[in-house]
Structure formats: structure tokens, C-alpha cells
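Peer 1: Got a structure for you, questions after.
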Amino acid sequence: MFGKLSLNSIPYHDPIIMITCCVVILVFLVISIIITIAQKWQYLWNEWCCTVDHKKIAKMYIFLAFIMLFRGFADAIMMRMQQFLVSSYHGNGTGFLPPHHYDQIFTAHGVIMIFFVAMPLVIGLMNFVVPLQIGSRDVAFPFLNNLSLWLTIFSALLMNVSLGIGEFAQTGWLAYPPLSELQYSPGVGVDYWIWSLQISGIGTTLTAINFLVTIIKMRSSGMNWFKIPVFTWTSFCTNILIIASFPVLTVSLLLLTLDRYLGFHFFTNDFGGNMMMYVNLIWIWGHPEVYILILPVFGIFSEVVATFSSKELFGYTSLIWATIVITILSFIVWLHHFFTMGASANVNAFFGITTMIISIPTGVKIFNWLFTMYRGNVRINSIMLWTIGFLITFSIGGMAGVLLSLPVIDFSLHNSLFLVAHFHNVIIGGVVFGCFAGITYWFPKLFGFMLSEKWGKRAFWCWFFGFFCAFMPLYALGLMGMTRRLSQNINPQFHSMLTIAALGTILIFIGIVFQIIQIFVSIRDRNLNRDCSGDPWNGRTLEWSTTSPPPFYNFAVLPIVQFRDSFWESKKSFKSNKLPILYTSFHMPKNTKFGFLIGFFAFLLGFSAVWYIFWLFFISFFVIIYLLVIKSLDTNCDYIISIEEIKEIEKCINIKKMD
């Protein structure tokens, strides 16, 4: 009845896992008791679980990302400590993690940081900012937005269930065959990996469709393509990449599923299977994924640099074309991830050259931002510190990437810690720093008060120096010959560098602690740091023309755009920032429970597939189909906001401003 699932599926023998699970269960129980005492279950269900408001959905994406960041960073600390101990002359020769546990940790770390930290951060910021920047009241398909969120949350939950029930994959975050095939990974770890990513990937694809339609069809009157803010432009290109690449991931996972469940031979070593086909397919998705993460971050820095330099963005048109070129080129560089596969010299040369070429439009952006700051009235705060930190770290990571684009060098450095350092250089120095800058920048608009500058700067310096301590030694270790994913028998000569890397990880941890303190201090002092103007940074784009936080309908009157920086131009010409008092009634979407329910049954479907509980699998599948049909037949999905209601809400907002 329960397939492979039994009491033996719980790893009682592993104290680290059991203690972690007990702590998680205890925290969950404490939170549940607090919510019950406060009688907030109904509120959470109606206002958050069922919401279609893009601003609330954005908050939940960002909250999910930070929760998963703690899990992913805990994995990182354990890996660093394991390598530090094993490489020690006098330390524990085997460390504290057995190889099978270490392999699960580095696999989970990669999956969490890409799929459940970086992606939710980027999608959360897109969710909040894009509709406001284009002068829209919501996204094109509010229900899809809610559904995408819950598919992402429940896929993250499914992955975390593997911590206490069964195991996670021991294959690396991309699960290369034949190691991920049933013959070499007969446990449920790879199945957890497949179904978590499959559910999450479907949610991400739906998000991309939603935002493409939103940007194309719901822009303000007068906002043509070259009046769109850069962040929205980069989000547009990102969603094109998602639509083009994520179906490849879906198909790759489906083929691997058929191999494991039905005995097919797409990627096996026998019966005509070809594991290199999988490697090509996964990287046709995987390399655009890097640009899916970094392009919105480029948009964030474009907004930040222009605002805090008090200047129009230098080379707006060249920035847009550079973004488009990167979007196109990102699909013709994937083979540089496996120059050692055995392709011909001509094939390797082609992909090496395209990899070098893609650095050109990226370099254009760097110079655009530098020239924007040049002779500008630059205000240095924590947001600009994240930006300057990005310019330094990302440039180093980019140069390392160009070095790796040379096949002759890649043959020596492939699968070494040099590659790990490069990857973290661009993801942490680029994506993470950028998202922190964006969250700090738009935090007043999101919550109505500003974050503490003092703690924000402290957090930045810990992250900045911690990053260099943690990852610069890995470049040297890679050149010295240390390969990635080692947990045993590490050369003691590497110990000094691994010690510095471990200290850097601790510094980053202190930075995370400072960020937690920053949030608590900011909440405590929120009345002192409240944003009553709606424009705390003297911004340039439309999101700053509404209140902080915006009302649920964003704009009582939809703006009309005449300039590229329309709000900035209106302030320059001494026009009032208040919107005209000429209201009309409009439709707003109703909250819906269907997104949560479909996400929940998708979780059950994935869990039952992992454990071969086929009766539950088919029940979950048909319930999902039933819910989709019922929702598609529902015509009562919106309501009208009357002129009187708008006037009353705007009156209350104005009173709060004066208070």
C-alpha cells in the first residue's frame, strides 16, 4: 500500500539528520501554537494563501528564498568544515560527515541555492516591481501567479522532506547519468530530485508566460518599448529565456524519469542509451539559467545607479541592445561546460569563441554603469555598497570565465575548484549582491519603512570580505590541482587555503546574522523610518509615484507616460506628484484557493511517485485535473471597485501620509 515507504526510510542512525529534523518540527509546532493563540489561521488562509495580489506574492517568494538560504548555507558550512577537518595534519582524518551524507549535502546545496534561493529572489522582485514600473494594477493572469508560487513552495517542501524521510540525490545538482540511473542510484534520492525540479520548473514556466503577457499587453498609455525601465526590459528578456529553456529541462527530467521508472534507455550505458545527450540537454537549459538569474540583477543595478547618481542612465539604448544580444548568445555557448567531452577541435573552438563574445555586451553594461556614476552626485549608502561590491566581484568572476572559455585551459581546470570559485564569483557577487541591493532599494515601497543603514553596511562588509576569503583561495586550490566535491583523503598541503576559505564562510555567516538583526531593528524602529512620501530615494520610475506600500490596486488612476523617466521628468517640471482626482471604476481579481490546492496535490503526486505509492499518485493526478477544470469554468473571478470606494481608500491613504 505504501510502496517503498517504511519506518526504515527514516534515518534513525544519523544523529545530525535526526537533530535537524527535531529542531525543524519543534520550530513548526511553536509557530503553529503562536498562530493558533493569535487566532490568525483564517487570516493567513484568506489574505496570504489565497491571495492573487502580486505584491503579497512577491513577499512570499522572497520569504521562501531567505528560509531556503538558511538551509543552503548550513549545507555550505558543513562542507567547508568537513574539508577543513579532513585536510588537517592533526585533525580528524575522516571528518564528521560520511561520504554518502556529504554527497547529499553538496547536491542539495546546489539545488537549493539555484532553484529555491536565487530563482525565488529574482521572481519575487519581478513580481513586485514590474507591474508598478509599467503602470499596471496587476499581472495579466493573477491566478497563474498564485499557482506558480505554490508550485514553487511545495516543490521546496518536497525536497526538504527528503531530509527526514529517505535521502536526497548523491549525484551533484545536475544529476548526470549514468550515476543518476537506477543501476547506480537505486534509492529514492534521485527521484526526490526529479520531482522537486519538475514541479518547480512548471511553476517557473507559468511565471514566464504570465510576465511576458503582462509586459507586452499591460503597459501604461504612451510607454513604448524604448520608454520601458531597464529592470522591466531585463525581466522581459529573462522570461523569454525561461520559456525557451525550461521546457528543455522538463523534457530532460521526463526522459530520465522514463529511464528510472519504466526501464527506458535514453541515457543508460547500454541498449543504445547516450548519457552525453543528457549532458547536452541539461546544459542547453543550464547556461541560459545563469542569465535568467543575472539579467534581472543587471536591471536592478541600472535602476540603482541612475537613482543614486542623480543622473539619467548613460547609454540606455546600448544597455537594451546588450541585454538582447546576451539573451540570444546565451543559447549558443552551452558546450563550454564540457569541452572535455570529446567533441572536435572545431566544435570546441566555436563554443569557446561564442563564450568570449558574450562577455562583450556584459562589459558594455559595466561601462554604462561606471559612466553613469562619473561626475554624478553619487550618494553612498548600503545599496550603492552592494553595487560597488558587485562591480568588483563580478568583474573578477567574468575574467575567470573568459579564461575558462579557452579549451586548452579548460582541459586543465575542468572539474577543479577553479571552476567552483568562478561560478560562485558570478552567482554570489552578481545575483546575491544584486538581489540584496534590490531588496534594500525597494524595501520601503514593499513595506512602508526603510531598512537600518547601520546594520546594512555592517552586513555588506561581512559579505564582501567573507566572499573574498571564502572563494579566492579556491582559485589557487584549483590551480594546485584540487578537484571539486572531495570529502575524504584531501592533500594536507591544501589545508591552509581551506582554513582561509572556512574563515570566509564564517564571515559570511556573521553577515547573515547582521541582516537578521537589520530586519528586527528596522521593524522595531519602523515608525522612525517610515516612508511617508512614497519616494524616499528621489527615484525616476513609476513605482515611486505611488504610496509606500501601494494600495492593493497600485494606481487609482493609471499613469500616462510621456518620457523615459516619466516620474523624474514630472518632478523636474514642478508638477504635483499626486495623481489627478478623476477616478473611474475598475475590475480587480478575486482571491482563489485553487493555486494552493493544486500545489498541495502536486506535492502529494511527487511524494507518491518518489515512493511508488501509485494509488496516491493517480488520485493526486486526477484531483489536479479536476481542480484545473473547475477553475477554468469559474467565471466569477473578479469584482468591481467603485468610484466611492476608491475615494474612501485614497482619503485614508492621504490621512496616513499626514500622520
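Placement of Cβ uses the backbone N, Cα and C atoms for every residue, glycine included.
The following feature annotations were taken from Swiss-Prot:
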- 15-35: transmembrane segment (TRANSMEM)
- 36-56: topological domain 'Cytoplasmic' (TOPO_DOM)
- 57-77: transmembrane segment (TRANSMEM)
- Arg71, Asp75, His101: ubiquinone binding site (BINDING)
- 78-109: topological domain 'Extracellular' (TOPO_DOM)
- His109, Trp173, His424, Arg484, Arg485: heme b binding site (BINDING)
- 131-148: topological domain 'Cytoplasmic' (TOPO_DOM)
- 149-169: transmembrane segment (TRANSMEM)
- 193-213: transmembrane segment (TRANSMEM)
- 214-235: topological domain 'Cytoplasmic' (TOPO_DOM)
- 236-256: transmembrane segment (TRANSMEM)
- 257-280: topological domain 'Extracellular' (TOPO_DOM)
- 281-301: transmembrane segment (TRANSMEM)
- His287, His336, His337: Cu(2+) binding site (BINDING)
- Tyr291, His414, His422: Fe(II)-heme o binding site (BINDING)
- 302-318: topological domain 'Cytoplasmic' (TOPO_DOM)
- 319-339: transmembrane segment (TRANSMEM)
- 340-350: topological domain 'Extracellular' (TOPO_DOM)
- 351-371: transmembrane segment (TRANSMEM)
- 372-382: topological domain 'Cytoplasmic' (TOPO_DOM)
- 383-403: transmembrane segment (TRANSMEM)
- 404-416: topological domain 'Extracellular' (TOPO_DOM)
- 438-459: topological domain 'Cytoplasmic' (TOPO_DOM)
- 460-480: transmembrane segment (TRANSMEM)
- 481-499: topological domain 'Extracellular' (TOPO_DOM)
- 588-608: transmembrane segment (TRANSMEM)
- 610-630: transmembrane segment (TRANSMEM)
- 631-659: topological domain 'Cytoplasmic' (TOPO_DOM)
Peer 1: Could you tell me the maximum Cα-Cα distance in Å between the residues recorded as binding heme b, namely His109, Trp173, His424, Arg484, Arg485, rounded to a whole number?
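Peer 2: Pairwise Cα check on His109, Trp173, His424, Arg484, Arg485 gives a maximum of 14 Å.
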Peer 1: Could you give me three numbers for the topological domain 'Cytoplasmic' (302-318), the DSSP helix, strand and coil residue counts?
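Peer 2: Secondary-structure composition of the topological domain 'Cytoplasmic' (302-318): 10 helix, 0 strand, 7 coil.
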Peer 1: Looking only at Trp173, Tyr291, which of these binding-site residues has the biggest number of Cβ atoms within 10 Å around its Cβ?
Peer 2: Tyr291
Peer 1: Between the transmembrane segment (383-403) and the transmembrane segment (319-339), do 3 or more CB pairs sit under 8 angstroms, pairs being 6 or more residues apart?
Peer 2: no
Peer 1: Top stretch among 15-35, 57-77, 149-169, 281-301, 351-371 for CB pairs under 8 A with the transmembrane segment (610-630)?
Peer 2: 149-169
Peer 1: By a simple count, how many Cβ atoms lie within 10 Å of the Cβ of Asp75 (ubiquinone binding site), its own Cβ left out?
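Peer 2: So the Cβ neighbour count for Asp75 (ubiquinone binding site) comes to 21.
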Peer 1: For Arg484 (heme b binding site) and His414 (Fe(II)-heme o binding site), what Cα-Cα distance in Å is obtained after rounding to a whole number?
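Peer 2: The separation of the Cα atoms works out to 10 Å.
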Peer 1: For His287 (Cu(2+) binding site), name the DSSP secondary structure in the helix/strand/coil scheme.
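Peer 2: Looking at the DSSP assignment, His287 (Cu(2+) binding site) belongs to a helix.
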Peer 1: Short question: most Cβ pairs under 8 Å with the transmembrane segment (57-77), which of 15-35, 149-169, 281-301, 383-403, 588-608?
Peer 2: 149-169
Peer 1: State the residues, same chain only, that lie 6 or more residues beyond the ends of the transmembrane segment (281-301) and have a CB under 8 A from a CB inside it; answer 'none' if no residue qualifies.
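Peer 2: Counting only partners 6 or more residues beyond its ends, the transmembrane segment (281-301) has Cβ contacts under 8 Å with 114, 118-119, 122, 125-126, 174, 176, 229-235, 237-238, 241-242, 244-246, 248-249, 251-252, 255, 323, 326-327, 330-331, 333-338, 365, 369, 387, 390, 426-427, 430-431, 434-435, 437-438, 441.
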Peer 1: List the residues of the same chain that sit at least 6 positions away from His109 (heme b binding site) in sequence and have their Cβ under 8 Å from its Cβ, in sequence order, or write 'none'.
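Peer 2: Correct list: Gly72, Asp75, Ala76, Met79, Trp173.
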Peer 1: Need one number: mean pLDDT over the topological domain 'Extracellular' (404-416).
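Peer 2: It averages 95.
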Peer 1: Show which residues of the chain containing His336 (Cu(2+) binding site), separated from it by at least 6 in sequence, have their CB under 8 Å from its CB.
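Peer 2: Same-chain residues close to His336 (Cu(2+) binding site) (Cβ under 8 Å, separated by 6 or more) are His287, Phe351, Gly352, Thr355, Leu404, Ser405, Asp410.
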